[in-house]
Structures are given as C-alpha cells and as structure tokens.
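The structure appears right after this line, and notes come after that.
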Amino acid sequence: MPRKPPSSPKSSPLQLGRAVAWPDSPEQAKLDRVPNPQKGTNYVARFTAPEFTALCPVTGQPDFAHLVIDYVPGSWLLESKSLKLYLASFRNHGAFHEDCTVAIGKRIVAAIKPKWLRIGGYWFPRGGIPIDVFWQTGAAPRGVWIPDQDVPSYRGRG
C-alpha cells in the first residue's frame, strides 16, 4: 500500500524542514515527537552529542560535555532537529553539570514517554576534576540489547 505523502513543512507543527530560530533558553525550546512505526518492537535508539555546551552558573564560564542518550521508544520517537535545537539552547544557560544532565533526561521523558531512557553526561574537567553524571528511568525492558556508552573515563597525560 502506498504511503501517504508527508505534509508540507509549512503545515506541519514540527520544526523539521523549516527555518527555526535558536531558542534562547531550554524552557523556550520545543521538543518534537513523531510516531514510532515500530512501536510493537523493543529496540534502542541512541543520540550522541559530543560537543554539548552550557555555562557554569557561578562563573559564567563555558562547560563542555559529551552526552549519550539511549532510549527504548514507546509510541513516539524524538525528532532529532528539535533535540539539536534544545541542546543548543543550553549554550547561554547557567546550570551545574548534574542539573543539566538530569534535566535533559527528564524533559525527553516528558516529551516522548519512552519505555526506558538513560543519559550519560561526560563533562570535561573544570578545576581539574571531570564530572560524569548518569541518570535512567529504571530497569530496561527485558531482552533489549543495551550497548555500552563507550565513552572512556577522562584521562590526562598519565
């Protein structure tokens, strides 16, 4: 059976396919979702953001992280352009590493209601100490292959 042609970008509520201004803050950013055509199948989808940036809420200095987001979709998939815009909205947002990482995970869960989600925030050193932050919604569905996030611990020259 032929598929229905996609709606034109102008009539779609999604940000995908349209010129969209960068959101000024995470609160203003919109996360879009699209129907999961494989909703009866448990599988893992992964987003990797190796150049995530936020601001230290005390000094205003930039903080950098490598984020890895894994989730088992339910009825919805997270649309990647909206995720890119959401993550970019943190560039001028002040928050501690732990708050950024957990808030991103919770916001995605609220938007798409996955069966399971985990996020790893691998933050580059500030003051000589790297901070790695991990959060997940609970146990992964049984029988789902969950690959390692495969981000090595930060290591200096030693």
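Note that Cβ sites are derived from N, Cα and C of the backbone, with glycine treated the same way.
Here's what Swiss-Prot has on this protein:
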| type | residues | note |
| --- | --- | --- |
| ACT_SITE | CYS56 | active site, thioimide intermediate |
| ACT_SITE | ASP63 | active site, proton donor |
| BINDING | LEU78, GLU79, SER80, HIS97, GLU98 | substrate binding site |
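Annotated features, which come from Swiss-Prot, shown on the structure.
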| residue | record | Cβ contacts under 8 Å, 6 or more apart |
| --- | --- | --- |
| CYS56 | active site, thioimide intermediate | PRO62, ASP63, GLY94, PHE96, ARG126 |
| LEU78 | substrate binding site | LEU31, ASP32, ARG33, ALA45, PHE47, TYR71, ILE108, ALA111, ILE112 |
| GLU79 | substrate binding site | LEU14, GLN15, LEU16, LEU31, ASP32, ARG33, VAL34 |
| SER80 | substrate binding site | PHE47 |
| HIS97 | substrate binding site | ALA54, ASP63, ALA65, GLY121, TRP123, ILE131, VAL133 |
| GLU98 | substrate binding site | ILE131, VAL133 |
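The binding residues for substrate are recorded as LEU78, GLU79, SER80, HIS97, GLU98; their greatest pairwise CA distance is 24 Å.
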